[in-house]
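Going by Swiss-Prot, these are the annotated features:
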DOMAIN    1-243  domain 'KaiC 1'
BINDING   G45, T46, G47, K48, T49, S85, K220, L221, R222, T224, H226  ATP 1 binding site
BINDING   T49  Mg(2+) 1 binding site
DOMAIN    257-499  domain 'KaiC 2'
BINDING   286-292, W327, R447, 453-455, S457, H459, K461  ATP 2 binding site
BINDING   T291, E314  Mg(2+) 2 binding site
MOD_RES   S427  phosphoserine
MOD_RES   T428  phosphothreonine
Amino acid sequence: MQSSSAGGSSHMQVQKLPTGIEGFDDICHGGLPSGRSTLISGTSGTGKTVFSLHFLHNGITQFDEPGIFVTFEESPSDILRNSASFGWNLQEMVEQDKLFILDASPDPDGQDVAGSFDLSGLIERINYAIVKYKAKRVAIDSMTAVFQQYDAISVVRREIFRLIARLKVIGVTTVMTTERIDEYGPIARYGVEEFVSDNVVILRNVLETEKRRRTVEILKLRGTTHMKGEFPFTMGTHGVSVFPLGAMRLTQRSSNVRISSGVPNLDEMCGGGFFKDSIILVTGATGTGKTLLVSKFIEDAFRNQERAILFAYEESRAQLLRNATSWGIDFEEMERQGLLKIICAYPESTGLEDHLEIIKTAIGQFKPSRMAIDSLSALARGVSLNAFRQFVIGVTGYAKQEEIAGFFTNTAEEFMGSHSITDSHISTITDTILLLQYVEIRGEMARAVNVFKMRGSWHDKRIREYVITDNGPQIKDSFSNFERIFSGAPHRITDDERA
C-alpha cells in the first residue's frame, strides 16, 4: 500500500510507504519514501531497534508485506525474545516465511577478520533473502556496528553505499539504524552515515528536570514533504506511538446538545449547561471545591446512564470514594454498574507522553461519554512549559476527536486575589472556564464562582457566592453590594455610589 506526496505531476511524485506506526505517518505526510533508505539515528536506548522491528511488524500484519531484518549486534534469539514484550509474535512470522532474520552479528569467539573489508557476501545474502521471501521492507541494525569492526571508514562508507544502491535497485524500502553520541550533536557517530541515506530520522531521549522525554524529528525526506520539529513519542506495550500534535486538524464536529454540570444553578449560569463535546476548565485555589464539581459532573453522567472516566493525580481512590460519599455521591455503586472507571497515579510515576498514552488507551477501551482530570496542575510539576502545553493539546484534541466532554481542574497558586490562567496557554484550548475563589466579606471567608468564558453561548457574567453543604455546592445570589471581588480587596458599594 502506497501513497503519493503532495505536489508535482503524478508520474514524478515520490511514492510513500506507510509505516503503520501510530502518529509517525502523520508527521511524514503518509509514510517513508518507497524504495529508498531511511537512517534512524539516536543515542543508546532511544528505541532505534524497536522502531525498525515495528516497521517490519506492521508491514507484515497490516499490509501483507514480508520483511528482512539484518542484525549486526543482537542474536536472532535475543531479538525474538525482546520483541515478545510488545506483543509481537515474530517467531510465528519467521515460521510462516513472512519474516527472515539475517544474522550478521560478530563472531562470539572474537576472531579477527583478515583481508580488505567487503560487503559483497552480505549483499548477495540479503538479495537472495529478498527474492526468496518476496520482501518489500528491510531493516538493518545497526550501521555503527559495521564501523566498529573495521578501521577504514572510507572503505566502510563505500561498501555501505554499494549496499544501499543495490537495495534501491531491487526496490525495497529500507530503514537503517545508527548510533550518535549526543542528543543534539552530530547526526551519527562516524559522520558519514547520513550522507549515504536519502532520509534521516532522529530519535531522542532527553533528560528534562530529572525525567526522560522521548522525541522524534524528521531531519530530511529527500524529494518530499514532512512536518518540522520534534514530536513526543512513547514505547508502550504495543511498540512506538508518536503524538503528532502539529498534525491535528480542527475538523471535529460541533454539537449544540447540552449536558448538565450536575449543579442546576451552575447550568443556569452557563445558559443551560455545557455543550456535549466541550472542554471545561475549573481553576481555583486549594479547597475551593474543584473536586466537588468534578464529582457532580460524574454523578450526572451516572444519573443519565452514561459512562465516565476519572484520572486523579492528587488523591488516592480510597480518598476520592470517601470524599464523594460525604457529598452523597456513591462512586463505588457507579463502578459496580460499569459506568465509572477511576485511574489514580502519581504525576511523577512516568513522563507526560506516557500519561497521555495511558489516557488514550483507557478511553479507547472504556469508551466513556465524559472524562475528568483532577488535576492538570499536578501534571505540570517538574516538566517544561512546552511539554505540558503539548500534553494538554494532546488530551483536549483526543477528547474532541472522540466527542467526549472533558472536565479538567487547575489549582491556582494564589490563595486569594486575581491569578493568571494563561501561563500555560490552557485558557485558549478550553471552551468553558469556571473561576473559583476565596473572598473575605465582613471578616469572614466566603467562596465565589464566575463563568469566566463560554464559547458559543450566553453565560452569566456575575460573580456569585456559593457554599459547600452535605448535598454539594449551593450557588447563591451575586455579591451585589461589592465590587473588586476577585482582586482580593472587595469594596462595599454605598447607595450613593450605586446611584
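Glycine too: its Cβ is placed from the backbone N, Cα and C atoms.
Note that the coordinates shown come from a computational prediction; the quantities given were computed from them, not determined experimentally.
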Site of maximum Cβ density within 10 Å, from binding-site residues G45, G47: G47
Neighbour tally for R447 (ATP 2 binding site), based on other Cβ positions within 10 Å of its Cβ: 21
C-beta crowding around T49 (ATP 1 binding site), within 10 angstroms: 20
Cβ atoms near H226 (ATP 1 binding site) (within 10 Å, other residues, all chains): 18
The one of T286, T288, S427 whose CB sees the fewest other CB atoms within 10 Å, among these recorded positions: T286
Rounded Cα-Cα span from S427 (phosphoserine) to K461 (ATP 2 binding site), Å: 17
Segment-level pLDDT (mean, integer) for the domain 'KaiC 1' (1-243): 86
Least surrounded among the binding-site residues, given as K220, R222, K290, E314, M454, when other CB atoms within 10 Å are counted: R222
Nearest-integer angstrom distance between the alpha carbons (Cα) of T288 (ATP 2 binding site) and G47 (ATP 1 binding site): 44
Distant-in-sequence Cβ neighbours of S457 (ATP 2 binding site), under 8 Å, six or more positions away: C270, G271, G272, F275
Site diameter for ATP 1, Å, by largest Cα distance between G45, T46, G47, K48, T49, S85, K220, L221, R222, T224, H226: 35
